[in-house]
Amino acid sequence: MGMQMKNFKKMMTLMALCLSVAITTSGYATTLPDIPEPLKNGTGAIDNNGVIYVGLGTAGTSWYKIDLKKQHKDWERIKSFPGGAREQSVSVFLNDKLYVFGGVGKKNSESPLQVYSDVYKYSPVKNTWQKVDTISPVGLTGHTGVKLNETMVLITGGVNEHIFDKYFIDIAAADESEKNKVIYNYFNKPAKDYFFNKIVFIYNAKENTWKNAGELPGAGTAGSSSVMENNFLMLINGELKPGLRTDVIYRAMWDNDKLTWLKNSQLPPSPGEQQQEGLAGAFSGYSHGVLLVGGGANFPGAKQNYTNGKFYSHEGINKKWRDEVYGLINGHWQYMGKMKQPLGYGVSVSYGDEVFLIGGENAKGKPVSSVTSFTMRDGNLLIK
């Protein structure tokens, strides 16, 4: 996608202490084959029968599935997505259908990148896609979503559609001598001026309706990770503006169709670092009651720059892909160890007590096709 995509990737781009923590690559975890093609900035979900579906992102319009209950597990290609290639969509299973919300892409080879507000659903029984007769209340890119029940999904966060789209329109229209000025003007603003979405939306697939469920207790974010367990929502880090992350983790309870926000927590600094920059594009999921968060990416030093008044906070800083894994154990966050390689912007899927990390972007910015997993077992973190 040329210069537009390069800029997009740039932008987007002590109770617990008594627990024995170890890293091992052997044990009980399930081994899955690599996905057929490298995947980053894609999306995925798992149905009630243990079948994982992943696609979009660098896979273009391709989608694949794998049945975790089969003895011989292989990826199978399903019908291609009809809505065009796109990145950063969110997908969940509702009423036995795979729903795909929003994303960012190009309508044709000549058009600039733009945010989508459309919704598609896939029938595994018929192997068919259908565009749903609805649009989201705001454009959805950099958003996150969690399934509430068989008919409802919670969606929040994401960039401001109009500001985001305008940036890529300006980049497309600028000649080479003007591009750096456009880029600087876009990044050199305080976080509040990006108007990231902080409204929480509930989509009801049965009624095909959208509902405003309130707002986040703090700033809107993009590129956050989210998980739902026993009616408790965890919204993990994300960008406050392009290049600047937050280390805050929002926590809420979903009860009687109402979201109640609880006390926030913060991810601890990585070993050897003075502060936690926060993560975008991290993997996350629960294993035996422990919330695990790993990978993602940030710009070390951007937070201090922003505190010092430098709005283009990541200017001149190399993006760093992370390999640290953190665990929330008995209400306390702790460092658990390292992944096999630094990785972010892949797909997290939980099944039983395993968290599968599918695809992602490595430290060279390249998509990978590997599938690894996190599992807590007898007080140990197994990475396979």
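Placed from the backbone N, Cα and C atoms, the Cβ positions cover glycine too.
Features of the protein shown, as given by Swiss-Prot:
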type	residues	note
SIGNAL	1-29	signal peptide
REPEAT	51-95	repeat 'Kelch 1'
REPEAT	233-282	repeat 'Kelch 5'
ACT_SITE	Glu239	active site, proton acceptor
REPEAT	304-353	repeat 'Kelch 6'
REPEAT	355-384	repeat 'Kelch 7'
Remote residues contacting the repeat 'Kelch 1' (51-95) - C-beta distance under 8 A, at least 6 residues beyond either end: 12, 30, 32-33, 35-45, 101-107, 116, 118, 120-122, 124, 127-129, 131, 140-147, 150-153, 155, 205-206, 347, 349, 351, 356, 358-359, 367
Across the repeat 'Kelch 5' (233-282), the model's average pLDDT, rounded to a whole number, is 97
